[in-house]
Amino acid sequence: MTDAARLLLDRHGDAVRADVALILGSGLGALADAVEDAVATPFADLPGFPVSTVTGHAGRLVVGTLAGRRVAVLQGRAHVYEGITGAPLTAGVRTVAALGVRTLLATNAAGSLRPEVPPGRLMLLTDHINMMGINPLTGPNDDALGPRFVGLGDAYDAELRTHLQATATAAGVPLAEGVYLAVSGPSFETPAEIRAFRTLGADAVGMSTVPEVIVARHAGLRVGAISAITNLAEGMSDTALSHEQTLASAVDGARALQTLLTAALPDLP
């Protein structure tokens, strides 16, 4: 059990127990405000948690009830490009697992490599390509947390994907599917890199999520992940990329994401 989980349980007992965790990416944190009977704790108050320095990441753990389910919402995340690696990078996943979570739904803001999936759309991740240059499991393994070697052939749970697609169809939310490629950032990709990534089979590119997915699978959690598309990747449009533009474009994706997740949670397998 992490020190953060122990602190939360000592302070709040079963009020911080949950079975589903949500990670809300850049500009996507509004869903945390819909949590009822919420116990909210700033990351700065949780031992082992890094504090994100990036605009659009509130940096809170919010535990309560959403759409009838007990949820632990990580409102924001840390990034490799902030100089954060090792255990602090994925402290949130380790902590929610210790609070009883068995399913993780991760979200992020990403660039699309497919013109037919423009900004404002959502993409359900089917797989990933890790080009961040790091793996969060590097170093000594704690067998109490998970095995030394972790298979990622089924990193993104097929049953969860089927449920999310069916829910999206019923809710009228267009939901593409694709492979997410993770880079460390903070520089955006070059047009040549985007062409190379497309050749590798990537459909979206971003600067997060993969470390959390790896650690979640190490801990035995089932994982689903959704990208809110905020831009076409570099070289695919005349729009200059910036973090400010990412946050502005995330608004439409955040609305669609809230509709989808609140509809999916009650019957989430």
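Glycine residues also receive a Cβ, built from the backbone N, Cα and C atoms like all the rest.
All annotation found in TrEMBL is predicted automatically rather than curated by experts.
Feature annotations, courtesy of TrEMBL:
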type	residues	note
BINDING	Ser26, His57, Arg77, Ala78, His79, Ala109, Ser208	phosphate binding site
BINDING	Glu189, Asn231	purine D-ribonucleoside binding site
DOMAIN	20-265	domain 'Nucleoside phosphorylase'
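Around Arg77 (phosphate binding site), taking its Cβ as the centre, 28 other Cβ atoms fall within 10 Å, counting all chains. In the three-state DSSP scheme, Asn231 (purine D-ribonucleoside binding site) is classed as strand. Across the domain 'Nucleoside phosphorylase' (20-265), the model assigns an average pLDDT of 93. Shown are the binding-site residues Ser208, Asn231; the one with the most C-beta atoms within 10 angstroms of its own C-beta is Ser208. Around Glu189 (purine D-ribonucleoside binding site), the same-chain residues at least 6 positions away in sequence with a Cβ under 8 Å from its Cβ are Gly111, Val183, Phe197, Val205, Ala233, Glu234. Put simply, of the binding-site residues Arg77, Ala78, His79, Ala109, Ser208, the one whose Cα is nearest the Cα of Asn231 (purine D-ribonucleoside binding site) is Ala109.
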